[in-house]
Each structure stands twice: as C-alpha cells, then as structure tokens.
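J.: My questions all concern the structure below.
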C-alpha cells in the first residue's frame, strides 16, 4: 500500500515516519529490507537519529540513503555489467569535446563557447533535459514555433544528440542512473520491502518515474509532502512547488491505477513559542491579520554590515549555550545564498571559538598539486614563461636540488626576473655577465652562483622535457592522460603528499591532512573521467589542456559530516535541518530573499516560459519562481522549534546601501506591531548600556572590546562604568591580562622608530663611511628611509624592465662616450656640424645599448623602436650642445669624472667620535674658461627630466649635490687643471627632444632660437661680469635674454626679474660651505642613531610619494606619524639666512 503523509511544517510528518520505521524494526529486527530515502544532506542526521533511539539495538535491515545513492546501490547489485560513471566533471569535459567538434555546425553557441561557466551551464541544462524526460527530437519539433529561438534550440538539440551518442554504452551519465534504475527494479525482489521517502521539496519527472515504479513493486511506500491539508487538490496553492509535485504524482498514479491513502496532519506539534506558531500560518498568507499580542520566539534586527550582523548572531548563540542550557547542535545559521556570508561566518565561528559545520564544499583549485598540473600544462602549451615556471616550482612538489630549496628558488627567481629569461633561453646555458665597461673577471663566488643557477635550470628542463615529448607523440585522450599521469608518478606525488599529510597530523591539522588525502585521488579520478568520456578520441594538445583545466576548476573537497555538537551553517534551500531549536536567519535583504538569479546561464526567462508553454517543463516558468522562493523561505523559518532570529545588513562590503527584504516588513507588521528594530554596531560603546556587555564572551573578545572603550576614554568620550570592572577582572586573569596587554598595545600604538644605540649604528654603518652625496640627501629627506636603504640594506627585486633610471643611464653613457670621442679627435664642440653630431650620437648609443638593463633595448622590435627614439634625443641634444658651445667661452673639458679614488681623492672630514666620512661621486661634465689669467669652472649635470636648483632645498639639505660637486672641483682644481680655479656655477641640462609649438609662419632663425631656448640650463651662476659674458657672449654683447642660462642682460646690467640663480662670489661660497655643513650635520645625526620616521613636506611634495619602503615604515598619520613641514624660502631669504648664520 502507498501512503501520502500530508501536512504543514511542524505537524509531525517526519516523526511519524520515524516511528513507523522503529515499530517495524522492533517487531522484526531481521526482517525484509527497509529503505529510508532522504535528500543527501539529510541522510547522516536521519541515520544518527534512528540509530540512537534507545528502543533499537541495531539497524541490520534498514538503510538511510539519498535517491541517487539508492539508484547506485541497485545498479551495482542487479546490473549486468560495470559501466564507468561520468560525473559532473566528466560530463563537462565530454561536452567541451562535443562542442569543439561541432563548432562549424553551431549558430549561437559558436560565439559563446569560451565564455566562463559555459560548460557548467550546458551540463546543468542537459541534466535538466534528462530529469524532465526531454530528448533532442522534442527540442527540434518545437523550434519552429519560435523563429527567434530556433537557432539556439537547434544548437542545443545537436549538442544533446551528439553527447548522447558519444556516451551511449561507454559511460553512464549521472542523470541516466534513474533511467537504468527503472529498467533494473523488476529484477530485484522488492515485494516485501518498505520504502520511506521524506525531506524532499520536489521531484523531477524522472525521479517521479522511479517513485511510481517503486510503488508498483514494493510492499508499502510512505511519502511526505509539506502541504496545507485544507487545499490539497487546489491548483493554485500557497505551497507552490510541493503542491505541483504532489498533483503530478497523483495524476500519474491514477493513470497507472496505483492505489494510495492520504494521511493528513492538521495539528501543529513542533513549535514551542507563539511567534513561530503564528509565523508558520502568516508567512504564506499576506492577508493574515496583525496581532496585538506580545509574541515570543521571533525577533528582527539590523546591523551596520554583514560582518557585524554575523558576529551579533554568534554572540547571541554563545549566550544561549552558556546561560540558557542549549547545546551547539540545537542552533543553526541559515541564509538564502551562502556565498556573501560564508567568509563572515567562518571568521566569526573561529573568532569566538564555536564548533561549526559550514555546508560549503571548498574548491581544490589552490591546492599545490592542482597548481602543479595547471603550471606544467601552461609550460607545455606556451613555453617557459616566468609565471608558469615559478607557479610550478612554488608548489614545492618538485623542489630544486639544493640544501635549502626555498632559498634556491628565491635566487633562481631573482636571476630570471632580472635577466628577462623566458622560452628557449631556459634550454641554453646561462652566463653571469658584467657591464661591458667593467673588465673585472667573475669572482669565485660568482662562478659558483653561475654553476648552481645552471644546475637548477637543467633540473627543471629535464623534469618537463619528457612530458613535452610524450605530448608531441600523443593523439588520443588516453595517450595524453597517461602521459600526464606518468609525469606525476615520475615525480613521486603520492609520496610527497603522504609526507605532507603526516606532517599535518603531527600538528593536529586534521582538515589539512584530509585535503592532502582527497586531492590526489580527485586528480586521478579526473583522469579516469577523461578516459571514460572519450578514450580513443583524437584531439589536439590545446583541446586536451582546455579540458583538463576545465576539470581542475570543478574539483571540490568533500564535506566532513557534522560532529555531535556543532552549529550548522547552510542555505535553507539545500539544508535539511532536524531537531533544531534555534535558527538565526541572516541576510534578510532585498535581492537575497527572495534570491534574484538566472535559472540557467544559457536560457533566458523568456526561453523557460516558451518551453513550458510548449509542454517541456525544463527549469521553472517565471510565474512559479517567486512562489517557490517563498516556499523555500517557509521551510527555512519553520525549521526551529523554539526561536527564530531574523537579521539584515544596512550596507554591503562596498558600502552600498541595502534594503530589508519584504519578509522583514511583513513580520514586523503581522507579529511585532511595527516596532523599531534593534541595530547592531561594530563597537560595544555604540550600543545601549544594557547591550554593551554582550561583547564579553571570552577573555580575548572582552579584552578587544575593553581596549576599544579605553581608547574612547582617552579621546575624551564617556564610557560605561562597567568597562572598568571588565578591565579589572581581565587583569586578575592570566589569559585575560595577556590579551589585554596585546590589544592595548595595538590600540595605543604609536608608529615611532626609537633611536638606535650608537654602538649599533656604528656596527650598521661602519667606522668609515664612503658614500655619495645622494645618500646624505636621502637622510635629510627621511632618516628612516636612509636606515632602510643603507642600514638594513633593503632592496627591491630587480626586474627586466626599461624604466626612467635606465633612460638616464643611457643618456649619461651616450653623452659621455660622444664627448670623449670629440675630445680624443682634437676637435672643439663648436667645430662640429649636424651630420657629425648625428653620426657620433648613433655610435655612442650603439656602444652603450648592451650595457643598459641586460641589453633590453636589443630584445624585441618594440624596444628597438624605443631605442631609435632615444637615439633621436641624443642626436638633438648633441646638436644643441654644439649651438651652446658656439655662443659660450666655456668649453666642455672633463666628462664622467669620478672622485673618491687615488687619482681624484674624495673630500673627507672626521666626526668628534673619530668616524671618518668620505663622500664620493661622479660629475657628468666640467666646463672651463680662462678669463684673463684666472681659470673658472662650472659643472653641468645631465637630467632626463626637468630640474631646477631650488635654494630652499639647498638650505634644507635636500639638494646639496651640485654645490658639493662644485666645491670638490674647485678644491681639487690643482690636480685636475694644474692651477687654482674659481667657481663659475653649477647647472642642470635637460636631455630631451622637445616638441616645438608656436607660430608656423616663423622663419627658421626664430624656430632655431626657440629650440635653443628650450634647452636653457637652470642652476646657480656667479655674479661676475666677465663670467656672465663667458656664459653667453652673444646675449651679453646684444644685451638680450640668454637662451643658454637664466639671465637677461640690459644696457645697465642684469634684468633682475628675468634673472634667476645669479649670486655673488661670496654668496656662492656660502652656499657651498652650507652644503658641506649639512653633510657634517647629517653624518653626526646618522651615527647618533637617529632613524625617525620624519619625511619632509615641501610645497606638497614628499619623499613618500614614490618611496619603496612605505610598507616597511608603515607611515600613517593616524598612528602618530606626521610630515616635517618645510617652509618655502626665496633665493633672497636663503642668502640672508646664510649670511646671518656666518656672522
């Protein structure tokens, strides 16, 4: 006999079915089989519930299983042969192959086949066809009824048909199990078998056929449906999906003359609170009258965001367990869609130390062995790209042959990134090379490094080359799969994962150990699915790789069944909760409840409606979607027996405002008299006084909350006196005291770098400093940056990139080489013509190019183009230098001269503690001019970007290099020129190829004048009439504005407002002496251990803007850091201050 158990939620249907099972088991412990069929996620708890009943001593004749598991069980026992099972992954792999082969015949899906999720959507759609008993011919027959949908339906019919043909007898699709089961059931003797079916919201047409066949063959069968007994046979019922399913079954039972008996459950027995009883009646009845009674068991609250919402619910759960006698297993957290809340739930459970079961299967995609397979396939397909190579090596499943494999990997990666090694370069020996200008041989240590790098290179190539060769020889799916499997076995993946598993067990990381156990088995199962899908199919390497990657992305870790005392977190459509007393329903926001989502990635809402109109019930008609969502919600809110706590967030993770779901408004109106809801905030002090101590759930959380409140007090905000009691209690508890100190230190932390002890500073910097001026400028810009760079010696990893410093190096190298060639030829700059400049420039660039960033400008056509543009810049610059030389008495004489060696000694001084300071450097160019009997010198610094000499920056020690270089040349002039020289100035020259704008009608002379002016040098010049004349004879004689330097001559002298940087000789000396004093001052501070985080702020410019150490110093104005404000100073103000300081 067949029994239909019908009733609303909470009327005792499940309990009655269990009781009937227990009665049969107690009467006949060893009788005929009993199958209790439930949804998969309900099977473990149902079996535990029956097995732990004290009336039973065992479950010999009863099995609890899902319908799919029941099908597998029957096919295994009564099928004639073992057919490979094609799971979701195998199905998607086979579908990809079918689509690729049929690509030219497809109209719509030809364009969309490479979109993310396409094959998953196609798999779901074909599964839906099978569950709805739809075949390809049915799709073709209805395609004519809708011309606009005809191409899509024909594409689907073609793919579905080819897929069915391909799978045929070779493998069994997941949704073919039920078809096979129906054929096999008569072979099993089920005449004395009892079947109980419970917990399902709906059955597909395919599943209904299984149930009908069981009704015909078994002794008795019991099915439960959640319905209102008063309108069981009403076509339009509030119970949507369940009602439709029941009616479909009844109609088919009548057609097949299957007798049944309806058993009605009208009395609600589950709910222990007035609120839940009323909610069960009101939810599906919007017209349910509001109550004036004070209801219990139902609450609604809001929270500022999802994290706060989740933590508030978790704190409430802790209170229930600690103070109200509940156990964790009595509590569940429900959402409609788990993804927005999964991370928040997991974090909160771990934070508050709550045992939990999160009903979400994690992807395997980030496990090292999956990464390894991805990486090695990328290498085979695209060559030895650095991303693929190091993606493979960083899995540590194929460690480098070195004493410390991780250090070896870091060194190898550093070398590869710096040299831009890729592709075939991995298969050729590597050489460590110096700059071409450096003829020093490699040291023994460098030779050893070269040897080790080549050993690691060869190891990697030898590991991958066999797979490359096997792939080239492979043609079929089976050959490719076995080649990949052989690669994994050759590198002992099983052994390595076994070691990792054991290491995880030793530190009690059980979940990690389980992952290592599952993942290799899952990868091998994927290979089996590939072979099962199309073992002898011919395919390209590219297609095979795509299929493997599709499969890898679908791998998921299996869920561990919940323990005896854990809270459960799941979505209320998937979850099947039993004997739960309290439910926290999170995310009651519009858009999540009801959930607005596409049923299929491939069919639109209109497509679904069309199919339903044509009698093909694939998916759901749009009119049914909302009703079914409401029914799912009904199942969720009726899951608890004692209380339901609904909450929603006010904003999402992006700060976007969220609205409460319509259910919130309905419940507030019908049950809660529209009272305002309580809102939860992130900090305790934002709550009402009585609610603040809810944050005191453990010493850790209490300490965190108390520390925040104490910080409020520090900022002069009032706090509740109870927090002083919490603070004192924490100090009495060892664990609490430790946590309080930790949180207090964090909250009151000031990001300040304490001075180094002087002996430590000396150990870091040495007894003698031999350094460039730029090092001291760095110290004056920010002493902590200096400490990071020169004390800790932190460096960014060098990359094979062409950046601004490389451009500067090329300009400096080319101009130096060009200048030296001119000097060696015996010619003067002014004697060169344009063609000579072009030739010399090209030769210079060609010479220095191999020295720049590992010859990057020779690596590709793109960089070849960049090299040509840079050559143009050098050519144009050389021509302008000739034009400048024609107007000036200053002759370029020395180029790229380095001081700080035996030929050109450095300037040095001794600190009071005996520390020797020597400063070194390289001067781009020194010009000289003899005026009368006196030699004058000026220095010129080439810049690849515009630069002016700011007197205020000189005063603050930020731009002292040029002045110190000039001082050095003057003081060493006897060595350099065999006579004492006087300073004429220090100038910046901008190397560029300017885009000239102006009057197109201007003649060539005007255009040349404008071009020359664009190269005007900026800096400081001594105010001496003869020197100024030597700077630009033509402008001086014509009493005009000079295009060479920032000077304008008038009949009476200089035009002050159009002249910049011109100072008296004593003022220039004062500037040089001040730069020298700044050098001494910064040296003393450096050795005193001053490493303060004190970047300057000068005219909205700070050294932090492009600082590579920002992540080290953690500069943050909210943590006590601030900029050292430097006030702008004019040239006059600086010179006056220097004068005052020397008097």
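Even glycines carry a Cβ here, placed using N, Cα and C.
The following feature annotations were taken from Swiss-Prot:
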{"type": "BINDING", "residues": "7, 8, 9, 10, 11, 12, 13, 14", "note": "ATP binding site"}
{"type": "BINDING", "residues": "782, 1104, 1107, 1113", "note": "[4Fe-4S] cluster binding site"}
{"type": "DOMAIN", "residues": "1-274", "note": "domain 'UvrD-like helicase ATP-binding'"}
{"type": "DOMAIN", "residues": "267-565", "note": "domain 'UvrD-like helicase C-terminal'"}
J.: Can you tell me the three-state DSSP label for residue 13 (ATP binding site)?
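T.: Going by the DSSP assignment, residue 13 (ATP binding site) falls within a helical segment, counted as helix.
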J.: Helix, strand or coil: which one is residue 782 ([4Fe-4S] cluster binding site) in, per DSSP?
T.: coil
J.: If the ATP site is taken as the center of the Cβ atoms of 7, 8, 9, 10, 11, 12, 13, 14, which further residues of that chain fall within 8 Å of it by their Cβ?
T.: 226, 265, 268, 269, 270
J.: Give the distance between the Cα atoms of residue 14 (ATP binding site) and residue 782 ([4Fe-4S] cluster binding site), rounded to the nearest whole Å.
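T.: So the Cα of residue 782 ([4Fe-4S] cluster binding site) lies 73 Å away from that of residue 14 (ATP binding site).
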J.: Report, as a single number, how many Cβ atoms besides its own are within 10 Å of the Cβ of residue 13 (ATP binding site).
T.: 23
J.: Could you tally the C-beta atoms, other than its own, that fall within 10 angstroms of the C-beta of residue 9 (ATP binding site)?
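T.: Result for residue 9 (ATP binding site): 19 other Cβ atoms within 10 Å.
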J.: Check residue 1113 ([4Fe-4S] cluster binding site) against DSSP and tell me helix, strand or coil, would you?
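T.: For residue 1113 ([4Fe-4S] cluster binding site) - judged by DSSP and reduced to three states - the answer is helix.
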J.: May I have the list of same-chain residues other than 782, 1104, 1107, 1113 whose Cβ is within 8 Å of the Cβ centroid of the recorded [4Fe-4S] cluster site, in sequence order?
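T.: Close Cβ neighbours, site residues excluded: 784, 785, 1093, 1095, 1102, 1103, 1109, 1110, 1115.
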J.: Just to verify a number: CA distance, residue 8 (ATP binding site) to residue 1113 ([4Fe-4S] cluster binding site), in angstrom, no decimals.
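T.: Roughly 64 Å, rounded to the nearest whole number.
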J.: Of all the binding-site residues given, namely 782, 1104, 1107, 1113, which is spatially nearest to residue 13 (ATP binding site) at the Cα level?
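T.: Closest by Cα: 1113.
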J.: Sort out the sequence-distant neighbours of residue 10 (ATP binding site) for me: same chain, 6+ apart, CB within less than 8 Å of its CB, listed by position.
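T.: Those within reach of residue 10 (ATP binding site), by Cβ under 8 Å and sequence separation of 6 or more, are 268, 269, 270, 271, 276, 280, 638, 641.
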J.: At a 10 A cut-off on CB-CB distances, which of the binding-site residues 782, 1104, 1107, 1113 has the highest count?
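T.: The largest 10 Å Cβ neighbour count belongs to 782.
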J.: Check the domain 'UvrD-like helicase ATP-binding' (1-274) for me and report the mean pLDDT.
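T.: Mean pLDDT across the domain 'UvrD-like helicase ATP-binding' (1-274) comes out at 88.
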J.: For residue 11 (ATP binding site), which residues in the same chain are close in space, meaning a Cβ under 8 Å from its Cβ, but six or more apart along the sequence?
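T.: Listed in sequence order: 265, 266, 267, 268, 269, 270.
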J.: Can you tell me which of the binding-site residues 7, 9, 12 is spatially closest to residue 782 ([4Fe-4S] cluster binding site)? Compare CA atoms only.
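T.: Among 7, 9, 12, 9.
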J.: Distance check, please: Cα of residue 12 (ATP binding site) against Cα of residue 1113 ([4Fe-4S] cluster binding site), rounded to an integer number of angstrom.
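T.: The Cα atom of residue 12 (ATP binding site) is 65 Å away from the Cα atom of residue 1113 ([4Fe-4S] cluster binding site).
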J.: For the binding-site residues 7, 12, which Cβ has the most other Cβ atoms within 10 Å, all shown protein chains included?
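T.: Per the Cβ count, the most surrounded site is 7.
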J.: Quick one: Cα separation, residue 9 (ATP binding site) versus residue 1113 ([4Fe-4S] cluster binding site), in Å?
T.: 60
J.: Do me a favour and check the Cα-Cα span between residue 7 (ATP binding site) and residue 1113 ([4Fe-4S] cluster binding site); whole Å is fine.
T.: 67
